[in-house]
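Peer 1: According to TrEMBL, the protein has these features:
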type     : residues                     : note
SIGNAL   : 1-19                         : signal peptide
DOMAIN   : 24-318                       : domain 'Plant heme peroxidase family profile'
DISULFID : C34-C114                     : disulfide bond
SITE     : R61                          : site 'Transition state stabilizer'
ACT_SITE : H65                          : active site, proton acceptor
BINDING  : D66, V69, G71, D73, S75, E87 : Ca(2+) 1 binding site
DISULFID : C67-C72                      : disulfide bond
DISULFID : C121-C314                    : disulfide bond
BINDING  : P163                         : substrate binding site
BINDING  : H193                         : heme b binding site
BINDING  : T194, D239, T241, D246       : Ca(2+) 2 binding site
DISULFID : C200-C226                    : disulfide bond
Amino acid sequence: MATVLVYLITIMAASLASASGAAELTPDYYGETCPQALPTIKLLVGAAILREPRMGASLVRLHFHDCFVNGCDGSILLDDTDDMIGEKTAKPNNNSVRGYDVIDTIKSAVNTVCLGNVVSCADIVAVAARDSIVALGGSPYDVLLGRRDATTASMDDANNDIPTPFMDLPALVSNFESQGLSLSDLVVLSGGHTLGYSRCLFFRSRLYNETDTLDPAYAASLDERCPVSGDDDELSALDDTPTTVDTDYYQGLMQGRALLHSDQQLYQGGGADALVKYYAENPTKFWEDFGAAMVKLGNLSPLTGDQGEVRENCRVVNQE
């Protein structure tokens with residue numbers, strides 16, 4: 001009986017701790033400490049996208065890759081040190097993830113308007129992703145705030161935890177489930193590929209080995225940019241409108257025009273087909289569900305309270 005009681009107390013304590021951590025994230029976290037923080041982030045994200053529309057997709061992807069490795073803690077922003085090999089040089093990120101300079105610019109400006117080091121890098125990444133989506137035609141959603149920044153990062157964790165463009169559907173589902181995310185979350189968050197481009201390196205295998213699921217005309221248009229060997233860094237758009245948030249991505253999956261193997265896996269006669277068709281036909285519902293899924297993504301294992309720190313410089317931990 002005593003053992004059962006101890007077990008129940010442990011479970012209750014863990015639940016309360018979890019609820020307490022979640023409760024510390026609120027949309028108005030900086031309402032009193034720095035009311036100009038969010039307008040400043042929005043302004044600078046808009047300016048970055050105006051200079052280079054592709055940057056919006058990059059900032060969304062930066063948030064996703066941050067959250068999938070030990071939670072949304074800004075660890076992806078840390079540079080390597082003599083004692084730590086971080087996430088930037090992991091296979092899914094190296095020469096691929098972008099936007100670090102934009103985050104640096106935003107952090108510096110936010111520190112200025114806040115008269116100090118108030119807003120975490122992890123929160124800046126989350127807000128920048130939302131503002132990118134809105135700037136490119138998506139619907140707004142409230143970002144819950146109050147994350148703190150990690151003081152370490154791991155290349156190995158990034159290699160192990162970030163889903164790859166070569167995964168089949170069962171591996172994708174398992175990967176998302178390990179983060180507490182469902183098949184529905186997988187399909188709607190994959191809709192983030194309504195924005196952006198991919199390197200030839202990541203779709204070459206699909207282009208030359210999956211002709212049974214690839215639209216011939218689409219394949220022919222890719223041949224010119226992505227030869228059988230070489231030109232690894234040549235870019236192709238993930239859908240027909242790579243700088244606009246819409247449902248062309250899902251329509252492309254139904255037409256065999258997915259650029260990546262992992263994307264086409266969502267429409268292969270499996271359990272995700274109905275969701276793909278639903279979002280292709282219901283753009284308003286996609287915008288609504290995408291915002292909700294981004295909030296869920298942003299709530300993955302945040303550091304709160306006295307965990308971690310608020311970094312002065314997003315690339316390095318604070319000096320004691």
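Here the Cβ of each residue, glycine as well, is placed from N, Cα and C on the backbone.
Map the listed features onto the structure and describe their local environment.
Peer 2: Neighbour density for C114 (disulfide bond): within 10 A of its CB lie 17 other CB atoms from the protein chains shown.
R61 (site 'Transition state stabilizer') is surrounded by 22 other CB atoms, counting those within 10 A of its CB over all protein chains shown.
Taking a C-beta cut-off of under 8 angstroms and a sequence separation of 6 or more, H65 (active site, proton acceptor) has the following same-chain neighbours: I76, E87, P92, N93, V97, A158, I162.
For C72 (disulfide bond), the number of other Cβ atoms no farther than 10 Å from its own Cβ, over all displayed protein chains, is 29.
Long-range neighbours of C121 (disulfide bond) (same chain, six or more residues apart, CB within less than 8 Å of its CB): G74, L77, I103, K107, D149, V310, R311, C314.
For P163 (substrate binding site), the count of additional Cβ atoms within 10 Å of its Cβ stands at 19 [all protein chains shown].
If you draw a 10 Å sphere around the CB of T241 (Ca(2+) 2 binding site), it holds 17 other CB atoms from the protein chains shown.
The 10 Å shell around the Cβ of C226 (disulfide bond) contains 24 further Cβ atoms across the protein chains shown.
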Peer 1: Using C-alpha atoms only, work out the spacing between C34 (disulfide bond) and D73 (Ca(2+) 1 binding site) and round it to an integer in Å.
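Peer 2: About 20 Å separate the Cα atoms of these two residues.
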Peer 1: List only the single closest residue to T241 (Ca(2+) 2 binding site), chosen from the recorded positions D66, S75, C226 by CA-CA distance.
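Peer 2: Among D66, S75, C226, C226.
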Peer 1: Non-local Cβ contacts of G71 (Ca(2+) 1 binding site) (under 8 Å, 6 or more apart, same chain)?
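Peer 2: Counting only residues 6 or more apart in sequence, the Cβ neighbours of G71 (Ca(2+) 1 binding site) under 8 Å are L300, S301, P302, L303.
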Peer 1: Centre the Cβ atoms of T194, D239, T241, D246, go out 8 Å, and tell me which other residues of that chain have a Cβ in range of the Ca(2+) 2 site.
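Peer 2: Other same-chain residues near the Ca(2+) 2 site: L195, D240, P242, T244, V245, T247, D248, Y249.
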Peer 1: C200 (disulfide bond) has how many other Cβ neighbours within 10 Å of its own Cβ?
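Peer 2: So the number of other Cβ atoms within 10 Å of C200 (disulfide bond) is 19.
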Peer 1: What other residues of this chain sit with their CB within 8 A of the center of the CB atoms of D66, V69, G71, D73, S75, E87, the recorded Ca(2+) 1 site?
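Peer 2: Other same-chain residues near the Ca(2+) 1 site: H65, C67, F68, N70, C72, G74, I76, A150, A153, D157, A158.
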Peer 1: Near D73 (Ca(2+) 1 binding site), which recorded positions out of R61, C67, C200, C226, D246 have their CA within 10 Å?
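Peer 2: Near D73 (Ca(2+) 1 binding site), where near means Cα within 10 Å, the recorded positions are C67.
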